[in-house]
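A.B. asks: Annotated active site, proton donor per Swiss-Prot: C103, in sequence order. The FMN binding site annotation in Swiss-Prot covers P12, M13, Q14, Q73, K144, N205, G206, E207, G229, R230, and the record cites sequence analysis as its basis. Swiss-Prot lists R40, N100, Y181, R277, K279, Y284, K300 with the feature site 'Interacts with tRNA'.
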Amino acid sequence: MIKSIPRIMLAPMQGVLDPFMRKLLTAYNDYDLCVSEFVRVVDQRLPKKTFYRLAPELLQGGLTDSGTPIRVQLLGQYPQWLAENAQLAIELGSYGIDFNCGCPSKTVNGSHGGAALLKDPELIYCATKAIREAVPKAQPVSVKMRLGWDCASQCFEIADAIQQAGADEITVHGRTKQDGYRAERINWQAIGQIQQRLNIPVIANGEILDFNSAQKCREITACCGLMIGRGALNTPNLSKVIKYNVAKMAWSEVLQLLYEYVNMPNERDSGFYHVARIKQWLHYLDKAYPEAVDLFQIVKTEHSYDGVKAHIEKAVGRNEKTNFQ
């Protein structure tokens, strides 16, 4: 068993790990870093409000309420504009810059962003180099990649390009774009080969769901850093589970998190935001908590915020009553 404690980073999951979820999960965990949802860059220097909307932590020194640093992730294909927006993100307080070369979304790939860049290692090199040159050397530049578009044959060329461009570290999701998130397609061995090849830190990502899978991933890859996304939603205290081999959070504690989440003020919410996000989160939670299946069945047909909130409060009350008895 590997006894050293790994760096644990909270992944950038678009439309899932939003500022509210980051605030909640970093309060109950021990993350070393969290990465924002991507900021889409096209052909302009974006207004500050775009960065503040996606990463409001920038308004408080680049930290979550619990003190976890936030790194802004940029998505795009034009080196000049990626560089200009990277510079702005640093000025606003981002702890370094992350460049997205792994998002498998059809919409994103259709506009030549995210994983679509894996087809063009030279463009990845140019974009990463432009970002690195625009950002002060004291600020880290990282790149998140997959093993390739439809096969892993170019993974070394891509990783080499990222290192040669001056990136400080690289996060490798152990599947190709076409693999999607199929568990049986995870390839930690390829991450390990990249780690052996490079001189910069390599962070492993993909199918890290509990203490045992984290241990196995580290044994195979020899990576000292891990990035977790879906697993962090399945098991809300996963970083502590991985770092300290503690038990997963009890369902009663998960209910309290759901209660906190549904009560978080959101001035942009028209009444549907928390409704959709609670249902979405329950779908992740049911991978680790059978009780989440029952709660989802209760709320799935509820379309009002007040209705969902009432169901969550009732579930908390029932649980407290059961525990008291």
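Cβ coordinates come from backbone N, Cα and C, glycine included.
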A.B. asks: If you run the three-state DSSP split on K279 (site 'Interacts with tRNA'), which class comes out?
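C.D. replies: DSSP assigns K279 (site 'Interacts with tRNA') to helix.
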A.B. asks: Nearest to P12 (FMN binding site) in three-dimensional space, by Cα, is which of the recorded positions R40, C103, K279?
C.D. replies: C103
A.B. asks: Given that the record lists P12, M13, Q14, Q73, K144, N205, G206, E207, G229, R230 as binding FMN, what is the largest C-alpha to C-alpha distance among them, in Å?
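C.D. replies: Output for FMN binders P12, M13, Q14, Q73, K144, N205, G206, E207, G229, R230: max Cα distance 21 Å.
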A.B. asks: In angstrom units, rounded to an integer, how far apart are the Cα atoms of Y284 (site 'Interacts with tRNA') and K144 (FMN binding site)?
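C.D. replies: Distance (Cα to Cα, whole Å): 23 Å.
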A.B. asks: What does the structure give for the C-alpha distance between R277 (site 'Interacts with tRNA') and K300 (site 'Interacts with tRNA')? Integer Å is fine.
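C.D. replies: Cα to Cα, R277 (site 'Interacts with tRNA') and K300 (site 'Interacts with tRNA') are separated by 11 Å.
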A.B. asks: Just give me the nearest neighbour of N100 (site 'Interacts with tRNA') among the binding-site residues Q14, K144, G206, G229, Cα to Cα.
C.D. replies: K144
A.B. asks: Can you tell me the three-state DSSP label for R40 (site 'Interacts with tRNA')?
C.D. replies: strand
A.B. asks: Look at the recorded positions R40, K144, R277, K279, K300 and tell me which residue has the greatest number of other C-beta atoms within 10 angstroms of its C-beta.
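C.D. replies: Compared across R40, K144, R277, K279, K300, the most Cβ atoms within 10 Å surround K144.
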